[in-house]
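Handing you a structure now.
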């Protein structure tokens, strides 16, 4: 099966990707891993990508698309693949369609893990850190045993990273929703989109994902 995974930050894509890869024995291809491998192997495209990344610039589409094509050309994707983090734009989605047709590895399905943005905001903005020892907690999922006291060192001073502050999280989600919506429409029009309710326990989400994948497989 040739698959793509979509979802907003905090939706649990990484966890579901691991479960899909374990159950269906297909390679997990994330954008970050692709770039790191291309740069480590010093391919022509990897060298080009590194030059942009080192300058703190976005890697242009032609380089990104080329790296994706190189990765999907590798033999381990002959049994299928799970794309994660690409495409990010409609232009990249068009390029991916051309690449996968050329390689005769077209997408069989796009799985969107749909979670209420309010729940995601709570998930992402609930993290706090002990200033003394750096132990990490979450107000909902991993609170301190005694309120206001670090389990590890007994410290009483905590802080939040800028990235985890509610306003930052809300802006990040807003940007991602604006970016994802056209892509979801793109794949829905091509009858490739399958949306799974991600507002459930991890195993329940995977059960729903598996049901979709078994349908695609058949």
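Don't overthink the numbers, they just go from 1 along the chain as shown.
Glycine is treated like the rest: Cβ placed from N, Cα and C.
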Give the range, chosen from 30-59, 60-89, that Swiss-Prot lists as region 'NMP'.
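Based on what Swiss-Prot states, region 'NMP' spans 30-59.
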State the count of C-beta atoms found within 10 angstroms of the C-beta of residue 12 (ATP binding site), not counting that atom itself.
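If we count other Cβ atoms within 10 Å of residue 12 (ATP binding site), we arrive at 19.
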Within 10 Å of the Cβ of residue 86 (AMP binding site), how many other Cβ atoms can you find? Include all protein chains, please.
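That number is 20.
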What's the most sparsely packed of the binding-site residues 10, 14, counting other C-beta atoms within 10 A?
14
By a Cβ-Cβ criterion of under 8 Å, what residues six or more beyond either terminus of the region 'LID' (126-164) are in contact with it?
172
Out of 88, 127, 161, which of the binding-site residues has the smallest number of neighbouring Cβ atoms within 10 Å?
161
Name the residues of the same chain, 6+ apart in sequence, whose Cβ is under 8 Å from the Cβ of residue 130 (Zn(2+) binding site)?
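Looking at Cβ-Cβ distances below 8 Å from residue 130 (Zn(2+) binding site), excluding near sequence neighbours, one finds 136, 137, 150, 152, 153, 155, 157, 158.
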